[in-house]
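Trainee: Taken from TrEMBL, the feature substrate binding site covers A:H26, A:H257, A:H447, A:H459, A:R506. Look at TrEMBL and you will find A:H26, A:H257 tagged as site 'Important for catalytic activity'. According to TrEMBL, the thiamine diphosphate binding site annotation covers A:H66, A:G115, A:L116, A:L117, A:G154, A:N183, A:H257, A:F423. According to TrEMBL, the feature Mg(2+) binding site maps to A:D153, A:N183, A:I185. Annotated domain 'Transketolase-like pyrimidine-binding' per TrEMBL: A:341-512, in sequence order. Under the heading active site, proton donor, TrEMBL lists A:E397.
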Number of protein chains: 2
Amino acid sequence: MPNIQTMADAIRFLAINAILNAGEGHQGVPLGMAEIAATLYANHLRAAPKDPLWPDRDRVVLSNGHGSMLLYALLHLSGYDKVSLEALKSFRTLHSVCAGHPEIEQDAGIEITSGLLGQGIASAVGMAVAEERLAARFGRDLVDHRTWAFVGDGCLQEGMGQEAISLAGHLHLGRLTFLWDDNRITDDGETALSISEDIPARFRAAGWHVLVVDGHDIVAVDAAITAAKTDPRPSLIACRTTIARGIPRLQGQRGGHSAPLTSQDAEEARAARGWSHPAFYIPQEVYDDWHGAMDRGAQARTDWSTRLAVHPESEEFTRWMSGTLPDGWADALPGPCMEPRATIMSSGDVCDALADTLPETIVLCADLEAPTNHKRSRAAFTPENRSGSYLHCGVREHLMGAMAYGIAAHGGLRPVNVTYLAFADYERPAMRMAALMALPTTFVFSHDSIGAGSNGATHQPVETLASYRAMPGMRVFRPADTVETSEAWQIALETPDGPSMMALSRQDAVQVRRDTSKNLTRRGAYILAGSEQNRDVTLIATGTEVGLALHARKTLEALGIKTTVVSMPCWELFEVQPHSYRLQILGGAPRIAIEAALKFGWERWLRYSDRFIGMTGYGASARAPQLYQHFGITEEAIVAAAKEMAEQ
Amino acid sequence: MPNIQTMADAIRFLAINAILNAGEGHQGVPLGMAEIAATLYANHLRAAPKDPLWPDRDRVVLSNGHGSMLLYALLHLSGYDKVSLEALKSFRTLHSVCAGHPEIEQDAGIEITSGLLGQGIASAVGMAVAEERLAARFGRDLVDHRTWAFVGDGCLQEGMGQEAISLAGHLHLGRLTFLWDDNRITDDGETALSISEDIPARFRAAGWHVLVVDGHDIVAVDAAITAAKTDPRPSLIACRTTIARGIPRLQGQRGGHSAPLTSQDAEEARAARGWSHPAFYIPQEVYDDWHGAMDRGAQARTDWSTRLAVHPESEEFTRWMSGTLPDGWADALPGPCMEPRATIMSSGDVCDALADTLPETIVLCADLEAPTNHKRSRAAFTPENRSGSYLHCGVREHLMGAMAYGIAAHGGLRPVNVTYLAFADYERPAMRMAALMALPTTFVFSHDSIGAGSNGATHQPVETLASYRAMPGMRVFRPADTVETSEAWQIALETPDGPSMMALSRQDAVQVRRDTSKNLTRRGAYILAGSEQNRDVTLIATGTEVGLALHARKTLEALGIKTTVVSMPCWELFEVQPHSYRLQILGGAPRIAIEAALKFGWERWLRYSDRFIGMTGYGASARAPQLYQHFGITEEAIVAAAKEMAEQ
């Protein structure tokens, strides 16, 4: 039998040593949750530190990410090679695997970047969904793991955390367990300063299994985890804890959270806990207990490998888990369309075609099934049907975004997130996480401009494109028509190094492309009509405004003004083209950029004397055609500007 | 006694007529909540339609804003002149007061823009806080009103709605009542698709008073509202309703939400409800009932005016409500500081100085009291102390942002919102609402760059400045030092036409200004050092990088390179300066912009041959000085670039 109390104290002192060594850090969580974590690892967790990427491992999420030394101590003690003692000594320094907050590095055992409060538990819901969906497809022989999340008070105060509670309960995600560090202290002091909610009752209202225990009572924690594993509901283990337990000066105090530690604190802790070892020293018998606990996972992994080797679906399973696309998958992408069609509908066509071809796609939508039209032949993922590949997320965009990247981090599925572009702001922090972690996630947005119509300015994005073009690692597509929409999807799915988003129209878009022999969207921008060399004016447009530019071109050509139209569906892809290509496309002639959004950022592609036709502020409530007239985004305006510029 | 059922049907048919006339709209809410709304207005609401801006009026928020015709019908029937029959006939057309979703127009009775789901109830929490705070200051003789919010399922699914429930319960906001349209239908169909939560239990867990009634039973609704008014807790009246009640084809159905209406629907509704009147016709006796109900408010307003006239505090009350600054208030702003000081601390100095001078300021902070340091002499606003001007919001940024603009919309107080800049994304949708409504709200953010240090990339804004500079109506300040911070505060408080935000440093900022004779920040950018005419290079910087530019200038001048340093604390203010001023400041010499953020947007101020020294992607986990070195934002880099450019 392992000595769990000593295992816990090993966490405690590694945390104290590393924080003292770094000169800063948050001791509250690792010291307060040491017994909880040690019990989980000693008796329950199934992981294989020597094969950190084993697909059927339990997933562990540290949602209270400031307590990162809890995770690093756990990973070190259980034998993840990359989290060496040296790594712990480099805590919070440049290039260390032990960053201030956990940053995804799955081969070191860090499943996901914790991010700001709330992100962790929301992404954990995504992981638990992925597990169920994969188990439904491949069976429990191959997919049989759990998701454990360490949770602080802040995560539960955040709205996204509340969304996570609500949806996880609704979906009966029985393999999801939250270990709540109920220490009654936040950064400001007593939690009572800002919350007086009955948190167990709140979870019960959402259909959770709730257990309340003393978080330092190893037997009680162990029994609660055992109960959580057998209950069909998601479980909250509410662990009453003492923050920074073990440091006499700080335990149970506001300063327990992250007040600077002194060497005297370390000495007093050693005395208080009866820990006689020097800094960063862990006795071999303690390591033995930790490593012995990992035998459970190692054995499970061996058994699993044996099953996989003879499994009839092993090839397909491996394909899903590796994110490999099947040969010829792109043949399923719809070709050109002869009629005008809203690009959100063209995207729905793609998504529907992929339901069979890429069954690993899973669509998440925030209560906008009808107007976004991405469900179609897909069944809903429900407690009764885990094979469904369409998840009704409710009006919970922030959770949805985090679930999407959580699913991507879990591996095996390809998440597609669908809502209106106006709601992109609601999930922006989650989208930033996907970009920061470079996780392949596809964010599909409809109603991308004043084209949304008379729901009014609150529902009409004007600055949203710019705000995402400003976000590193996010590819922003605004395709012009059916063909460009298919091309954008192809790029998004073929590109594993980060997320893509698509800004799509509610209103019909003119078809501007027929030829699909080459994916022109890959280069970010290209000449759609007119000559490269011989031009009087260049019109650069995105999305629905490309059709407008083509119309204007007809008029201008009739007036003898040689007009070249550039479609620019993706700035990020255009930016990485060779300088010579960019010059070739943009040309030396006067330029007019046309986009039903703000100019902000367009200066990158325009010179001082060039023009921009678009929005200058918020939208208004009227039908789309009237709004285009009202805001002067019209063929007439383009023609007038082009004439003026060509004459100069 | 008014005939409340007929009053309700009047709402119903005005909604049907207006939606049919507009050709689109959402009938679900006005038809489903007609009895609830008519009961509230007939027997409880205290408002004065002939004086819509009466400060002591009850506030009504339509959080389920798609049901806008409910609000417009209410305003028309109760006699708000601006919501005429003609206005109802212009529903959803350009410039109509009856926009697709309610847009703030307080003299028409529209208290606040509804925005996307969840915003309304979150802003209502702010209004209820404002009421309590003002009542504590001026007494119930002058401040004695309530906040009523119509609430849909979507508002309660949104995380920000959950944050609102939690904090309103904690704060015992007994004058806040949610009227929940429990119609069990969302856009996707049955609410059971995405939620199976016991919503009354969830509210009870947060300390709310909960009543469950049949929303079409006028007697029951009336009794519930009466009970809500006497209970010291905030109240949820859970009204079981039938969506689109009255239209036989759609009532209780998914299509009830917003399926296009036909004239046959209108006919069938007329038959079903026994309503024999033509479109847009309301019998005089129905108007009489509605107008008669408003006598209660009119009388209350008259009595209130009488009390105000003799109230010893009438002048101060009127000053607060009008948003007028007291004479000489700016004298309290701290002057220059001799030592380096983090700009978040300088902002705290200002905020503390204003605690007495501008007692109408109220600071909201999301559990970051210590690191943002804006509490100081302020007492906390709590159930026991409504005079407090510091609100511990917990880790609930999105709610906090909406409360801030809700407080501003209520009037009487000046909200100041404080957290880290990394969390600005969490409240971005609320900040957009403040900008869209042009409400005077001050958003203060600390930890504005990689200067945040070793918490790592998730906590280090790099694209945030650009993303807010892209937002219309938001003034973004990044002051360099103590003086510029005071100047930014002065502008923010003197400017009633919209919100301001400040990006402030965690780390010490060099003091770059001594002379405070003129508020130079007002012009957005100005020459801090060096000559206007005679320059070889211009360094343009913001925030902490201004100090860096000044240091580089010393070195460059010693090398004989004539260097002008431009401090640019606010792009938006600079943009509205005359062209000649902008040219005068930026000059013709080569330019180097320096900002510890991405280049995105800076092209506006730079020519092709100019340089930018800043970030090119996300940050990392290390101490701030090391990160500045690592990312090459250093004096050496500036000097090297300037030398290169000056030599060309």
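Glycine residues also receive a Cβ, built from the backbone N, Cα and C atoms like all the rest.
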Trainee: If you skip the near sequence neighbours and keep only those at least six away, which residues in the chain come within under 8 angstroms of A:E397 (active site, proton donor), Cβ to Cβ?
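Mentor: The answer is A:A366, A:T419, A:F423, A:Y426, A:E427.
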Trainee: Going through the binding-site residues A:G115, A:L116, A:L117, A:G154, A:I185, A:H447 in order, which have a C-beta under 8 angstroms from some C-beta of chain B?
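Mentor: Only A:G115, A:L116, A:L117, A:G154 pass the 8 Å Cβ test.
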Trainee: Spatial neighbours of A:D153 (Mg(2+) binding site) among the binding-site residues A:H26, A:H66, A:G115, A:L116, A:L117, A:H459, defined as Cα within 10 A: which are they?
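Mentor: Taking A:H26, A:H66, A:G115, A:L116, A:L117, A:H459 one by one, the ones whose Cα falls within 10 Å of A:D153 (Mg(2+) binding site) are A:L117.
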Trainee: Can you tell me which of the binding-site residues A:H66, A:H257, A:H447, A:H459 is spatially closest to A:I185 (Mg(2+) binding site)? Compare CA atoms only.
Mentor: A:H257
Trainee: Find the shortest Cα-Cα separation between A:G115 (thiamine diphosphate binding site) and the binding-site residues A:H257, A:H447, A:H459, A:R506, and name the residue that gives it.
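Mentor: Closest by Cα distance to A:G115 (thiamine diphosphate binding site) among the binding-site residues A:H257, A:H447, A:H459, A:R506: A:H257.
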Trainee: Using Cα-Cα distances with a 10 Å cut-off, which of the binding-site residues A:H66, A:L116, A:L117, A:G154 are near A:H257 (substrate binding site)?
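Mentor: Of everything listed, what lies within 10 Å of A:H257 (substrate binding site) (Cα to Cα) is A:H66.
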Trainee: Compile a sequence-ordered list of residues in the same chain as A:H26 (substrate binding site), six or more apart from it, whose Cβ lies below 8 A from its Cβ; state 'none' when nothing qualifies.
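Mentor: Counting only residues 6 or more apart in sequence, the Cβ neighbours of A:H26 (substrate binding site) under 8 Å are A:I19, A:H66, A:G67, A:S68, A:M69, A:H257, A:S258.
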Trainee: Give, as a single whole number between 0 and 100, the mean pLDDT over the domain 'Transketolase-like pyrimidine-binding' (A:341-512).
Mentor: 98
Trainee: With every protein chain in view, what's the tally of Cβ atoms within 10 Å of the Cβ of A:L117 (thiamine diphosphate binding site), excluding that atom itself?
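Mentor: Around the Cβ of A:L117 (thiamine diphosphate binding site), 28 other Cβ atoms lie within 10 Å.
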Trainee: Check each residue in the chain of A:H447 (substrate binding site) that is at least six apart in sequence and keep those whose C-beta is under 8 Å from its C-beta; list them in sequence order.
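Mentor: Result: A:I344, A:P371, A:Y420, A:L421, A:A422, A:H459, A:Q460, A:P461, A:S505, A:R506.
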Trainee: Taking 8 Å from the centroid of the Cβ atoms of A:D153, A:N183, A:I185 as the cut-off, which other residues in that chain fall inside it around the Mg(2+) site?
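Mentor: Near the Mg(2+) site, the remaining chain residues are A:G28, A:G32, A:G152, A:D181, A:D182, A:R184, A:T186, A:T191, A:T241, A:I243, A:H257.
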Trainee: Within 10 Å of each Cβ, count the other Cβ atoms, then let me know which of the binding-site residues A:G115, A:G154 comes out lowest.
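Mentor: Per-residue Cβ counts within 10 Å for the binding-site residues A:G115, A:G154 bottom out at A:G154.
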Trainee: Across all the protein chains here, work out how many other Cβ atoms are within 10 Å of the Cβ of A:D153 (Mg(2+) binding site).
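Mentor: 25, counting other Cβ atoms within 10 Å of A:D153 (Mg(2+) binding site).
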Trainee: If you count Cβ atoms within 10 Å of the Cβ of A:R506 (substrate binding site), leaving out that atom itself, what do you get?
Mentor: 24
Trainee: How many other Cβ atoms are found within 10 Å of the Cβ atom of A:F423 (thiamine diphosphate binding site), counting all protein chains shown?
Mentor: 26
Trainee: Applying a 10 Å Cβ distance cut-off over all chains shown, what neighbour count does A:I185 (Mg(2+) binding site) have?
Mentor: 25
